[in-house]
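Trainee: Got a structure for you, written out below as structure tokens; questions coming shortly.
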């Protein structure tokens, strides 16, 4: 089963903030697939996708820094195993806006949501789609930057890169993960 976990913060205050690109990814993914059923737990909401292979899309409801609690609960509730591919989608300040990076595993890269998942699971062995939000300006602290909203011009680029990420996700159903990774890691939008 493919398990797309979009990281973000719940609530209307965070909808279009940089830290919510994972939630925005899930919203866009749900527009491409019909929802077979949905499930809301205390720590997450999950949507079974009507697709060629079993898949779910998930939004943790624990706030970013506690995402690992939601992922741990999800794995328990759905009986997920090592045969299932967890794909965590999140913002990355080290990647320029308009680019994404797909990886099979890796460190937290300083991202607190990913750090929480690694801590809860005890492993870095899960896939990622890192969506670039660009570096923070010198005159603002990191928390203010990632919790700040995208500008109108940034949103235009973001919607394009989210389309790219959705295309990559759709190809993951049929293509080898390494091929998808190789193809999409070299593409950018403006």
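From the backbone N, Cα and C atoms, a Cβ is placed for every residue, glycine too.
Predicted, not measured: the structure shown is a model, and the values here were computed from it.
The following feature annotations were taken from Swiss-Prot:
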- 19: active site, proton acceptor (ACT_SITE)
- 14, 63, 65, 112: tRNA binding site (BINDING)
- 9: site 'Discriminates between blocked and unblocked aminoacyl-tRNA' (SITE)
- 91: site 'Stabilizes the basic form of H active site to accept a proton' (SITE)
Trainee: Just to be sure I understand the packing, how many Cβ atoms besides its own are within 10 Å of the Cβ of residue 19 (active site, proton acceptor)?
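Mentor: Residue 19 (active site, proton acceptor): 23 neighbouring Cβ atoms within 10 Å.
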Trainee: Find the shortest Cα-Cα separation between residue 63 (tRNA binding site) and the recorded positions 9, 19, 91, and name the residue that gives it.
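Mentor: Among 9, 19, 91, 9.
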Trainee: Measure from the Cα of residue 91 (site 'Stabilizes the basic form of H active site to accept a proton') to the Cα of every one of the recorded positions 9, 14, 19, 65, 112, then give the nearest.
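Mentor: For residue 91 (site 'Stabilizes the basic form of H active site to accept a proton'), the closest Cα among 9, 14, 19, 65, 112 is found at 19.
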Trainee: Can you grab the distance from residue 19 (active site, proton acceptor) over to residue 9 (site 'Discriminates between blocked and unblocked aminoacyl-tRNA')? Cα atoms, rounded to a whole Å.
Mentor: 7
Trainee: Long-range same-chain neighbours of residue 112 (tRNA binding site), Cβ under 8 Å, sequence gap at least 6?
Mentor: 64, 65
Trainee: What does DSSP assign residue 63 (tRNA binding site), in three states?
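Mentor: Looking at the DSSP assignment, residue 63 (tRNA binding site) belongs to neither helix nor strand, so coil.
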Trainee: Residues near the tRNA site, 14, 63, 65, 112 excluded, by Cβ within 8 Å of the Cβ center?
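Mentor: Filtered neighbour residues, in order: 9, 19, 62, 64, 66, 67, 113.
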Trainee: Let me make sure I understand the structure: which of the recorded positions listed (9, 65) has the fewest other Cβ atoms within 10 A of its Cβ?
Mentor: 65
Trainee: Just to be sure I understand the packing, how many Cβ atoms besides its own are within 10 Å of the Cβ of residue 91 (site 'Stabilizes the basic form of H active site to accept a proton')?
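Mentor: That number is 25.
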